[in-house]
Amino acid sequence: MNIHEYQAKAIFVDNGIPTLKGKVAFSVDEAVANAKELGGSVWAVKAQIHAGGRGLGGGVKIAKNLDEVKDYASKILGMNLVTHQTGPEGKLVQKLYIESGANIVKEYYLAILFNRMAEQITIIASSEGGMDIEKVAKESPEKIAKVGIDPQIGFKMFHGLEVARVLGLDKDEGKKLISMIAKLYKLYMDKDMNMLEINPLIKTAEGDFYALDAKCSFDDSALYRHPEIAELRDTTEENPAEREAAEFGLSYVKLDGDVACMVNGAGLAMATMDIINYSGAKPANFLDVGGGASPETVAKAFEIILRDKNVKVIFINIFGGIVRCDRIANGILEATKNVEVNIPIVVRLDGTNAAEAKTILDNSNLKNIKAATNLKNGAELVKSLVG
């Protein structure tokens, strides 16, 4: 689960992590009022959406007087902001964050995330802040520190010293940053985050460090332990189809291909997507119907994937274990009663009650179903139907 910058910064403040003063605004008048209340002569007017790259997309502006605050707020609020993370469809800006200015002398990058390959928590830091970290990693890898932390040991001084060394900080600056990272690490662990990112982390003329931006992503499976975090969910920022699928116990992620996938189990779903790509076609989604799929949930899955007008073929790949194949077959029939299916369906069913499922489909009146003998054959059929 992702949250907005203003929400992340409120959490930072509660945990003693330095941020600049700021207030959320839901209207132009409120934006101007917030700037007046914050005081000063420079403010940042920031679009609040669940995506990075806001500045390049025109969603972050620096105002040097209240008239500029009003002007920028009126332009950003209600705009459809397109960034490299939103996709071409963009995101509607429904709220702003008005933040006090600062005398910035240097920008850094800092993130804490879980490195699955290394089975460690990893701190990533760079002296090149305010930029695309992937570009920095490609062009100037020597400017990036990657410090692994064993969760059983936790964050220690030597971890912080390595970060300070790569960032080129002096002794006093290093002490300040290490203290800040220690608080961030504790917050990351305490709140079951997947990722905590500050880009940029700024150093002021006074030598102090502040989180100028804040991005936090939380483990959905751990939200039951953090009701105060779950309350921060902004469903307007989520894909409607993905949100609806979750309500029915389906794991759905929309992609940009033309082959819709319906699979049971995340591992098999990823393998299915891989073999579709290998065949030369492109998956339109990730869809795991889970272990408790019923005819009703399968019908709902059909309904959701058929809303994607790019879909040319549906590939159903089920290995019956907990999920019986006959349930999937009945779900297909149920779906076709309520939703008109005019595109080919490739079905590969194996495992529990696979023979019964084949009989159900053979006895149906569905003319556009093609049976696959195995996964490879299914991918080949899909590719031939996509063209």
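Cβ atoms here come from the backbone N, Cα and C positions, even for glycine.
Mapped onto three states, the DSSP output places Gly55 (ATP binding site) in coil. Around the Cβ of Gly55 (ATP binding site), 16 further Cβ atoms fall within 10 Å across all displayed protein chains. What Swiss-Prot records for Lys46, Gly53, Arg54, Gly55, Glu99, Ala102, Glu107 is ATP binding site, and it gives sequence analysis as the kind of evidence.
Swiss-Prot lists Asn199, Asp213 with the feature Mg(2+) binding site. The DSSP secondary structure for Asn199 (Mg(2+) binding site) is strand. For Asn199 (Mg(2+) binding site), the number of other Cβ atoms no farther than 10 Å from its own Cβ, over all displayed protein chains, is 22.
Classification of Ile322 (substrate binding site) by DSSP places it in coil, neither helical nor stranded. Of all Cβ atoms in the shown protein chains, 12 besides its own fall within 10 Å of the Cβ of Ile322 (substrate binding site). What Swiss-Prot records for Asn264, Gly321, Ile322, Val323 is substrate binding site, and it gives sequence analysis as the kind of evidence.
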Pick out which of the binding-site residues Gly53, Gly321 has the most other Cβ atoms within 10 Å of its own Cβ. Gly53
How many whole Å apart are the CA atoms of Lys46 (ATP binding site) and Asn199 (Mg(2+) binding site)? 14
State which of the following binding-site residues has the fewest other Cβ atoms within 10 Å around its Cβ: Lys46, Arg54. Arg54
Including all protein chains displayed, how many Cβ atoms other than that of Asn264 (substrate binding site) lie within 10 Å of its Cβ? 25
What Cα-Cα separation, expressed in whole Å, is found between Gly53 (ATP binding site) and Asn199 (Mg(2+) binding site)? 10
Using Glu99 (ATP binding site) as the reference point, find which of the binding-site residues Asn199, Asp213, Asn264, Gly321, Val323 has the shortest Cα-to-Cα distance to it. Asp213
